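Note sheet for the following structure.
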Amino acid sequence: MSRLLGGTLERVCKAVLLLCLLHFLVAVILYFDVYAQHLAFFSRFSIRSPAHALYPAASSSTNCSRPNATASSSGLPEVPSARPGPTAPVIPPCPDVPPGLVGRVVIEFTSPMPLERVQRENPGVLLGGRYTPPDCTPAQTVAVIIPFRHREHHLRYWLHYLHPMLRRQRLRYGIYVINQHGEETFNRAKLLNVGFLEALKEDATYDCFIFSDVDLVPMDDRNLYRCGDQPRHFAIAMDKFGFRLPYASYFGGVSGLSKAQFLRINGFPNEYWGWGGEDDDIFNRISLTGMKISRPDVRIGRYRMIKHDRDKHNEPNPQRFSKIQNTKLSMKWDGIGSLRYRVLEVSRQPLFTNITVDIGRPMSWLNQG
């Protein structure tokens, strides 16, 4: 009996031992399987986000790197590869009333005026007579157009006084001297038309055009060379006329039109050869298109004229009075749309751009441009 009981206990102990061994093996297998899963998880996390330990996690509604950053597929923010550099300073717009104006300026034409001196006085002016103020952004880009022939002496004085004045006015501008080639009869208005087109060829952003005789110098820098809602007449009080407007419709000397205003009147007439008449024709064009003349205060719009004799081949135009009477008809076909000329040379000088052109002669269409 005892022998039978001992055999039974031995078999039970062996069975328990086998069960314990089986349980141990199952536990070991499960342990290594869980360990492998954890190792794979942390390996993937380390590859995707190597810099995670250096940057704290951000909430889903906040991005601390840059406004356009996006979250990764794991829900964690992506770390930028490089931080953005400093932004360029914003240049403010130029004020309506420039702070550096001096008002009335003493003008004299007795001292010698070499171009080298004028160039030294205006170091900020770039080749071709271009200037942009460094401390503000102007609202307009201004082209100053000068009809010209054989007036080098006058031009030096004009540049001497005008460059500093235009810089004080905080203008972005360029100076264009339109030089009529040859000795045919002078045609001021046609040269101004040429200047309008040639300036736009160089810089299509020009939106204001100042047309100035080379012998007229403003006496007050508060006479701002800008364009407004209406065509502007600047030279309203010349010493030549006793500092008074000679007549109500006078539009001579120095005037300004925006690009849109100039095109609205079909530019200036091309058929006024010789002295006189074209200014009155331009006034008629402005009136006929429903615009009005804007002028500065008479105390500000004062000018000095450099005295000179009448130019050869610029005699008074005997047809000017009859032409003025027909502006309503002639402005439709005579103007910027019918302009013909030929550019002979473009020379960019330190203080201005010289454009020499062949504009033909009276009753001639030989200049095909």
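For all residues, glycine too, the Cβ spot is worked out from N, Cα and C.
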Could you look at ARG244, ARG304, ARG320 and say which one Swiss-Prot places alongside GLY277, GLU278, ASP279, ASP280 in the N-acetyl-D-glucosamine site?
ARG320
According to Swiss-Prot, the disulfide involving CYS94 connects it to which residue among CYS64, CYS136?
CYS136
Pick from CYS64, CYS227: the cysteine that Swiss-Prot pairs with CYS208 in a disulfide bond.
CYS227
Long-range neighbours only, meaning 6 or more apart in sequence with Cβ under 8 Å: which ones does CYS94 (disulfide bond) have?
PRO133, CYS136, THR137, PRO138, ALA139, ARG170
Taking only the Cα atoms, work out how far CYS208 (disulfide bond) lies from ASP215 (Mn(2+) binding site), in Å, as a whole number.
21
Taking the Cβ of CYS136 (disulfide bond) as the centre, how many other Cβ atoms fall within a 10 Å radius?
15
What residues, ordered by sequence, lie under 8 A Cβ-to-Cβ from CYS227 (disulfide bond) and sit at least six positions away in the same chain?
GLN140, VAL142, ASP207, CYS208, PHE209, GLY256, LEU257, SER258, GLN261
Per DSSP, to which secondary structure element type does CYS136 (disulfide bond) belong, with helix, strand and coil as the options?
coil
